[in-house]
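S.K.: Quick one: this structure, given as structure tokens, is what I'll be asking you about.
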């Protein structure tokens, strides 16, 4: 049975993963780690580590992992380029899976949105994400991943075409503009819409998560799979084989 360490165990996702592991037949909890814990013990007792912490927590985890390489599943969002570079470097000596969303449905949404962006080149693209009032970052990491995918499908640099808000007399919408908008309220687990709009018709691709268990179960499946992989960076597409 695979021993999974939970890094960021006191957070919403950490608690959900702990709960889902109680009924998992292929894996069990090795240790619950949170800020101020013993990193050495976490690595010694775990076959795989799942990280849902904070950017600073992920940074600390990656630095320590170089001394005791273990497969890492990283789902922390809001990571900057420095941390992403550190992650890429660390993947030379251990398998690392990184995704802003562990839902298999979101992975398919991302795939379909990329294909639609390529096929519907004259359609305007707008992305809307909705989350609970407690979410700290905006736009969500998932929304940004979707935006990157649809921009790449059209050979566009997202940084040059992304819009995050509209107010006042701003003129007409530009052809390549990709809007990424955020709503916050209540206890919404997560909803993402990628819309393609043209005169006379529009297509909207939606994904709604109704429980954090969706993400937790996805992370556990990925952790079990990653434990058998060689050292390199992996994405949700590698896991799904698409």
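Along the chain as shown, the residues are counted starting at 1.
Even glycines carry a Cβ here, placed using N, Cα and C.
So Swiss-Prot lists these for the protein:
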BINDING   8, 9, 10, 11, 12, 13, 75, 76, 77, 99, 100, 101, 102  NAD(+) binding site
ACT_SITE  131  active site, proton donor/acceptor
BINDING   132, 141, 142  (S)-2,3,4,5-tetrahydrodipicolinate binding site
ACT_SITE  135  active site, proton donor
S.K.: Helix, strand or coil at residue 77 (NAD(+) binding site), per DSSP?
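M.R.: Looking at the DSSP assignment, residue 77 (NAD(+) binding site) belongs to neither helix nor strand, so coil.
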S.K.: Do you know offhand how many angstrom separate residue 8 (NAD(+) binding site) and residue 141 ((S)-2,3,4,5-tetrahydrodipicolinate binding site) by C-alpha?
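M.R.: Spelling it out, the Cα of residue 8 (NAD(+) binding site) and the Cα of residue 141 ((S)-2,3,4,5-tetrahydrodipicolinate binding site) are 18 Å apart.
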S.K.: Going by a 10 angstroms cut-off between Cβ atoms, which of the recorded positions 12, 132, 135 has the sparsest surroundings?
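M.R.: Among the recorded positions 12, 132, 135, the lowest count of other Cβ atoms within 10 Å belongs to 132.
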S.K.: Largest pairwise Cα distance, Å, within the listed NAD(+) binders 8, 9, 10, 11, 12, 13, 75, 76, 77, 99, 100, 101, 102?
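M.R.: Between the most distant Cα atoms of the NAD(+) site, 20 Å.
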S.K.: Including all protein chains shown, what's the count of other C-beta atoms within 10 A of the C-beta of residue 100 (NAD(+) binding site)?
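M.R.: If we count other Cβ atoms within 10 Å of residue 100 (NAD(+) binding site), we arrive at 21.
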S.K.: Could you check which of the recorded positions 131, 132, 135, 141, 142 is the closest Cα neighbour of residue 10 (NAD(+) binding site)?
M.R.: 135
S.K.: Using other CB atoms within 10 angstroms as the count, which residue among the binding-site residues 77, 142 scores least?
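M.R.: With the binding-site residues 77, 142, fewest surrounding Cβ atoms within 10 Å: 77.
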S.K.: In whole Å, note down how far the CA of residue 141 ((S)-2,3,4,5-tetrahydrodipicolinate binding site) lies from the CA of residue 135 (active site, proton donor).
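M.R.: Spelling it out, the Cα of residue 135 (active site, proton donor) and the Cα of residue 141 ((S)-2,3,4,5-tetrahydrodipicolinate binding site) are 11 Å apart.
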S.K.: Find, for the listed recorded positions 10, 131, the residue with the lowest Cβ contact count at a 10 Å cut-off, counting only other Cβ atoms.
M.R.: 10
S.K.: For residue 102 (NAD(+) binding site), which residues in the same chain are close in space, meaning a Cβ under 8 Å from its Cβ, but six or more apart along the sequence?
M.R.: 75, 214, 215, 216, 218, 219, 222, 236
S.K.: List the residues in the vicinity of the (S)-2,3,4,5-tetrahydrodipicolinate site, defined as same-chain residues other than 132, 141, 142 with C-beta within 8 angstroms of the site's C-beta centre.
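M.R.: So the extra residues in range turn out to be 77, 100, 101, 129, 131, 135, 137, 140, 143, 190.
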S.K.: Who sits close to residue 141 ((S)-2,3,4,5-tetrahydrodipicolinate binding site): which same-chain residues at least 6 apart have their Cβ under 8 Å from its Cβ?
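M.R.: When sequence neighbours closer than 6 are ignored, residue 141 ((S)-2,3,4,5-tetrahydrodipicolinate binding site) has 77, 78, 100, 101 within Cβ distance under 8 Å.
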S.K.: How long is the line from the C-alpha of residue 12 (NAD(+) binding site) to the C-alpha of the residue listed as 'active site, proton donor/acceptor', rounded to the nearest angstrom?
M.R.: 14
